[in-house]
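Q: Feature annotation from TrEMBL assigns domain 'Heterokaryon incompatibility' to 754-839. The region 'Disordered' annotation in TrEMBL covers 1130-1162. Feature annotation from TrEMBL assigns repeat 'WD' to 13-54, 55-96, 97-133, 225-266.
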Amino acid sequence: MELTPITTPLREFKGHKEGIMAVAVLPDKQRMVTGSWDKTVRLWDLNTGFVLEKMERHRNVVLRLAVSRDGQLIASGDMDGKVILWHGETGEFARIITAHSKSIYSLEFSPDGTVLATSGYDDRMMNLWNTKNCEQQGDPIDCGSHVTCARYSPSGKLLAIATNKNIQIYNPGTRERVASFRAQIYTWSLAWTPDGTRLLTGGSVLDYTICEWDTTTWKQVGDPWTGYWNNINAIAVHPTGTLVASTSYGNHVHLWRLSDRQTIAIFECSFTPLCVTFSVDGNHILSGGEDDMISEWAIPHPKAFRACFVQILAITRARGACIDGHLSTAEELLTQDINTDDNNHTSYAHRSFVMARQNDWDYAIQDAIKSISIQPSLTGYISKGIALCGKGRILDARAAFDVASMYTDQDPQILHFLLLIKVIALFNADQQDEANLLFKELFSGCPNADILGCCVVQAYLRVQLGIKAFDGARYEEAADHFTAVLDSSALSSSSPIHFMYEDLVVLFGWNLKSLWLIAHQKRCHALLRAGKLQDAVKAYQYMMDNIDEATKASCVEWSNGNAPFLTRGDAALAASDYDKAIALYSAVIELNSASDAVFANRSIAKLGKMLWEDALRDAQKVTELNPSSHVGYQLTHAALRGAQRYDRAIEAFKIMLSKLDDSPEARMQDLRQQYVHPSEAEDAIQRAVWIELEYAPIRLLNTSTGLLCDRAAQINAFKMTAKYKELLSFTTKHSDLEMNRIKEGVAMYFRRVMLSHRWEEKEALLHDIQGKDVRELRGIGGIAKLQSFCQVARDAGYRWAWMDTCCIDKRSNTELQESVNSMFVWYRHSALTIVYLCDVPPSSQLGALARSVWNERGWTFQEFVAPKVVIFYRKDWSLYLDDRSPNHKESPAIMKELEDATGIDSRTLVTFRPGMSGAREKLQWASKRVTTVQEDVAYALFGVFGITLPVIYGEKKQNALGRLLQEIVARSGEITVLDWIGKPSEFNSCLPAHITSYTTPPRTLSPLSEEHIHTQVSSLRQTVSASLASKFYDQLEQLRAPRFSNCRLHLPCISFRVAEVRRRRGLAQETPITYRIKADGLHDLLITTEETLVQFSRARPIQQTFLLVRPWDRHLLGVPDFAEQSDFADDTESIGDWTEPGSPIDDSDELPGDSPVKEEPGSRTLRLMVRLGQPFDAFLLAQQRIGEYKRVASDYNIIAQVKDIASVDNMDVGTVEIL
């Protein structure tokens, strides 16, 4: 059908002196800007048609114009290659850019307004400019041919460039060309559809067509649009994306329908139109050209183009107020119309719509009825139906809508739209079932259905259902509704439905422009509340990826204010749900507007996941965003520390402290007080090192380097390790200084392995290895042993090792003294002691350990009982019995073998504690062991008894042993040490010459029964004077403990004067000699000794006095001895889990410290006398000088017994001095 051109424009805008080359409208709908051959740019008021501003800065023809999407900037380009930026609000000059050397052929703002794209004639380049500073942004895009036009896609993600050879599509961010194709012979103009799915190209030079291209495949859609016979100067697309306007030489503006590419209107101009655009509301076309003016053309509204119900609140100020949500203004304007013409039925109907929008249903019904009473009409009955639905009068509302259909002139488009209004009204009245049923019938059964309109209504109603489900905490249901909306073909981020269905905005206040964004945001909320985090994040990222920068900017407030991701991210972080927190914070950061706090929180979450490098990047971003804050450096320190990059971590921590120091805030100063400077941490670590090394050997072998290290070298090696730097970087607060982390870290580093072995013929000595790598030495003899020992220690994960042959400087008396006295403590604090059995062959079986010479050596006793962890190795350094348990002290088989070999209970071997307790038994254990150096028999026991004495090699065995035993007696008062058989020591006659004198275990007596004691006590009450017994008890109670002074023993005892000594008949040369002894108050007894005694009797007395004495044992008193509760163990042991047992010589019937028992008067004294009546071990003393005695050694125990326990006058209580 041939179209009749429209020749009369609605209005003409005149003022330019010459032809108009460019036109653009501003988004406020109120203004227009034009550029002309007369070198001016003019800003127009669209309502009045007047020029608001004449902008005169160009010196040549203005060829191109562009307006930013927010209307804040206007750009104009001229034939000299100059581009001028103007303020959009005022038209005032802003900046000038020398963009190209020749004419500006293309001018285009990016959708977010931050970039201005320009091209010039003949330079083949597309330049991108930063609109804030007008500096070129990156390198130009080299297009290779003359650029004629360039247009950003609606999303801003693509830039289409037309050249004289082809069309080129670029990613403007990366400058990457994503597509290239041939369009017309010479493409002159470009335009995108609002949804970005189509690109239109206009040709020239013998190819006067418009081509349509699918932007997903870059394939041509359908046939070219024909109808021109000259160059296509400009193309514009309607805001709805349904219409296209184009200009060409030939004085015509064509209006095309995009759906079928048909011309639906032609506007005839008086001269050639050179530019064209649509008004913002899409109701008009503005064209300009060689006629020196802008013509405004009304767009015809065919049924296929626009929802036809334009009669509703036609284009008036009241309609605009309704669209903008200014309902009180709309009501006021309509009331003014009614006051002007009281019979204006349309104004009453329109005011009814406004009152319904305000939920004032009674007034809405009143106005609707008034409208119908004046003149029944379609708008009147629609307003009545809507008002009655709002009031809940559904039957009446149905009737009103039915009558309304009579006023549609049977136009199917209007009738269809009426039914859609009915669906919405019923839905709003909670008649959802009826509304849905009507909608389904309308959608599927109506041959003339407006499919897009149906989709829009369905989408909006589903959004309402989603909101209702969300408010009811049915989050998955809500998410399904919102997802269905977003899956609708009617909805997209750039969908122009707000133009096409503006009447729904007028009637119901629908926000169609933001419907897509609202559905997305609501879906994100619903998915989050439903616990579908990953789906929520994907939905959010999809939304952000598919909206333009301007819309993103509108989301910033939503994201930072009531942001579901941010608030839930904080909650997830607080709950240590780090994966969830990271995902949520990442979604916030996708906005590119996240604060340093968001990056900080994501860094914390990544630290929780031990994603050190990722956490570090976020921490650095925090510092970049807020360089004055300490937080970024604090997180950097934590991330670097986790990544074990300790040097950088410490530097970051120092910067953090400086930031706190520089802060004037009191809160920051208080926070600073919690932290310690690394120098303070160094001091704390140094203190822990010295405490740890207090119980370590002076020299240690470094198993990693093979070098022997003194204390200084050990500490320096530690400071070079990652462990030291780790401790330094982790010790940041005062509370850290008191924590076990430092102590444990230091202890772990300085763990050491001690070697216990029998010295062989050739051992590695200090001078053999000092300053050398033992690993590189020739592996023979002791060196091979040392190398194997270090290798085993290193393989077990220990850095330090100690071997007595080469780790002591025996030339230094001071070092030797310290080593001998500290040996037990060193072994006690070893992490592991390796016992090397040089005489136990490989693959030996159980029993080989017991036969090893290692069991006979003096030093190896303490080397085994002191450490807590011991492992035995055979000659070839294989595990004894192939026992791979971590501690052979926990091996029942090995410990049973040692128990049998040593005679020491296996539990004692494992739980041995040094000290004076059980001194006689410890001496017995050591009595069978031998040492190469005679003094070592005593020195090897210093640690066993927790004694520190001078080491005097050359003093001889008796003196060394005497000093040891003297110290034991002096410190503990332990008289069992005097219980021995053999030769007396030159040191003191009460001490043995050899430790083998303790081989015989001490004699023990069976305890008295309580019945026997009770009988004896009853008998004594009849025969003993109470006062005499009490006096005797008091004398014994006042006796002091035995003590040594200048090798003299001051021994508290009960003494019995010897009255007769006679040699038993036998061989004259017989040794030892047996003597019969008679003493006052004792039964006669025999003693055997190698000494020759002077015989005497009462009839033949001599001047020399002999005594039989009973060393006094305070346990016989039956009262607590608090001295026993002292800790005789070494200083490094805790006594919290053990107590010293009583003296082995104690044969009393009560234990010290028993709960007190009610006794008769004198009972305790008499009980003591009963105990004294038991046989006892006696010493025979021979007077040397007045008050001085010497013990006569015996080959057997001297067993004595009181004749009559009631004769206390025969018992002399006192202290004797023994040489």
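Each residue, glycine too, has its Cβ placed from N, Cα and C.
Quick caveat, the model's predicted, so the values are computed rather than measured.
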Q: For the repeat 'WD' (13-54), DSSP counts of helix, strand and coil?
A: 0 helix, 23 strand, 19 coil
Q: Give the nonlocal contacts of the repeat 'WD' (97-133) in its own chain as ranges (CB under 8 Å, at least six residues past its ends).
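A: Residues 63-70, 72-73, 75-85, 140-152, 154-156, 159, 161, 163, 172, 548-550, 552-553.
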Q: Can you count helix, strand and coil residues in the domain 'Heterokaryon incompatibility' (754-839) using DSSP?
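A: In the domain 'Heterokaryon incompatibility' (754-839), the DSSP-based counts are 38 helix, 12 strand, 36 coil.
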Q: Go ahead and report the DSSP secondary structure tallies for the repeat 'WD' (97-133): helix first, then strand, then coil.
A: 0 helix, 20 strand, 17 coil
Q: Determine how many residues of the repeat 'WD' (225-266) DSSP places in helix, in strand and in coil.
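A: Taking each residue of the repeat 'WD' (225-266) in turn, the totals are 0 helix, 24 strand, 18 coil.
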